[in-house]
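**Student:** Structure in structure tokens, see below.
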Amino acid sequence: MAWWPFSRNNKPGVPEQDQVAAAPVQQRPAEPLPTNYTPGQRLLLEDTRPRFDTQSSASQQAVQRERATLADAWKTVRWEDFSLERMAGIPCFRDAGMAGFSAMVVAGSVTFLFHKNPVRAANWGVGGLLLGSIVGWEQCRMQRRRSFQVAEMARQTVAAKEAPMLRKPDNAQKAGAVSQASELPPKKPWYRFW
């Protein structure tokens, strides 16, 4: 269902929001043109009715999520979902795995060197794997969230920035300013030779 990243409905590499938007939506038949339309006249968006009914689709999704049960979610799980290729496609999985394995080696090695007990070292290694994976996962997610926020701020800054290339330069005004400057008598220089 919605919480399992490998369900049959999910496509790899496509966020859930995009998949919901790409889901088939009931489209209305072609709308008749407004009564005040004349051939060749441009139609404005405000003159037409919306193509999609956003209220019903949101309520349908809410009803579908309410009906989701653990049994329905379990039916979507397959053995292929646990392949290394699919797991490597999950964002932050690699970083979490590397941090977990590093923590496992460090915790297991230090415990083994200190206590000389392989069972105890293995237990601490597994604990280090779990804890390191969680820390690596959360750290990667935080970095991704921050980078997405920076990218969004950059997008907003570029959108709000004035685009000088859209204005045509007024060459006549510039030429007039240059000619006026050349017509003025030369000013007395600020320096003086003696």
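Residue 1 is the first one shown; counting continues down the chain.
Yeah, the Cβs are placed from backbone N, Cα and C, and that goes for glycine too.
Below, the features straight out of Swiss-Prot:
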REGION    1-40  region 'Disordered'
COMPBIAS  14-30  compositional bias 'Low complexity'
TRANSMEM  96-115  transmembrane segment
TOPO_DOM  116-119  topological domain 'Mitochondrial matrix'
TRANSMEM  120-137  transmembrane segment
TOPO_DOM  138-194  topological domain 'Mitochondrial intermembrane'
**Student:** For the topological domain 'Mitochondrial matrix' (116-119), would you mind checking the mean pLDDT of the predicted model?
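**Tutor:** Here the predicted model's pLDDT, averaged over the topological domain 'Mitochondrial matrix' (116-119), is 95.
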**Student:** What else in the chain is close to the topological domain 'Mitochondrial matrix' (116-119), if you only count residues 6 or more beyond its ends and a Cβ gap under 8 Å?
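**Tutor:** Contacts with the topological domain 'Mitochondrial matrix' (116-119): none.
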**Student:** Sort the residues of the topological domain 'Mitochondrial matrix' (116-119) into helix, strand and coil with DSSP and give the three counts.
**Tutor:** 2 helix, 0 strand, 2 coil
